[in-house]
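Residues annotated as transmembrane segment in TrEMBL: 29-46, 91-112, 119-138, 150-174, 195-216, 236-262, 269-286, 298-316.
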Amino acid sequence: MLLLNFYYVQDKRSESDQNRQYRGTWTQALLQNAAFPILIPLFFLFPSPKQKTEPVSSDPPPFLRVLSLYVSLGVLVSVHSKLYALAKLYVGWGILVSTQLILTSLFSAFINRLKFNRWIIVSITFTLAADFFGSPAFSGAPDEDESYTYGIKAWLILIFPTLAFSLSLSLMQLGFEKVLVKTKRYGDKKVFRMVLEMQIVVSFIATLICLVGLFASGEFKELKGDSVRFKKGEGYYGLSLVGLAISWQVWAVGLLGLVLLVSGVFADVVHMCASPVVALLVVLAFDFKDDEFGWQRRGALLGSVLALASYSYSLYKTKKKDVAELNKRELNNSEA
């Protein structure tokens, strides 16, 4: 968020006419995926558990199942990247991520069969409130006098990227549990190497799609003009793009890791609970008009802490219940 604000401030986006204000979205979509090569050394650095040999089965080969999963996710991520880059310029940041959490919860309930207890519901409620009151300022958002942009087109641009993002989280969780673990490519356990593999392959496919969009739309011709128009100069323009690309990969790996270890809903909750902290950093780093860390954002920061505490307590209770049931089964087996 800090780098996005820096980019749009230096790009003089607020001084642009409406036609140019919403350009450059294929470039931003490409940046969200293009830095995946930095993860390849980490992939080989982490040890790979021994694969278990399985008897010959009539099911589709594991390679085809994994490839189908990654291609589907790559298409979804490319759609999300493009429309997300456009939606944040039309409707801003806060409403975008709030809608994502609601849809992620719905998809998780139907696709991943996630059981919602009262602590998870409390956590989601606190998270939505924290994001509503504590979302950071974004220099690429439309001005208040641009209310005409909030038409049907803007709301469609809001719905489709949030659908793609939420669906991709649920499918990633499903892929970890039903494909990568069941094919026993890394044994019977969930390992961090799965996260790196999924992120590298999915980002590679999404990058190819975004490159096609960049050249097919003719947007690549605008890159030279963007670099010349950058207030800090072409050097800082290049550094900001590199920084954005790397930070997107770090964010994605962290998000995928939470999906692997817990669930897509928990990953989205953690992602959104960072909003008040990011808002504080934006206030300290930029001098936006009427942007301050007031009592609403301080309350949002407290709400984020309560949201994380509620979800963590839910995970603790679930773990405690599972351990008690396991001990009971072991006791019954020993008595038998």
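Just so you know, glycine gets a Cβ as well, placed from its N, Cα and C.
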What same-chain residues lie close to the transmembrane segment (150-174): Cβ under 8 Å, and 6 or more beyond its ends?
69, 72-73, 76-77, 79-80, 82-84, 86-87, 90-91, 95-96, 99-100, 103-104, 106-108, 111-112, 198, 255-256, 259-260, 263-264, 267-268
Tertiary contacts of the transmembrane segment (195-216), defined by C-beta under 8 angstroms and 6+ residue spacing from its ends, are 26-27, 29-30, 32-36, 39-40, 42-43, 46, 70-71, 73-75, 77-78, 81-82, 172, 175-176, 180, 249, 252-253, 256-257, 260
Can you tell me which of 29-46, 269-286, 298-316 gets the most C-beta pairs within less than 8 Å of the transmembrane segment (119-138)?
298-316
For the transmembrane segment (29-46), could you work out the same-chain residues 6 or more beyond its ends whose Cβ comes under 8 Å from its Cβ atoms?
77-78, 81-82, 84-85, 191-193, 196-197, 199-200, 203-204, 206-207, 210-211, 213-214, 241-242, 244-246, 248-249, 252-253
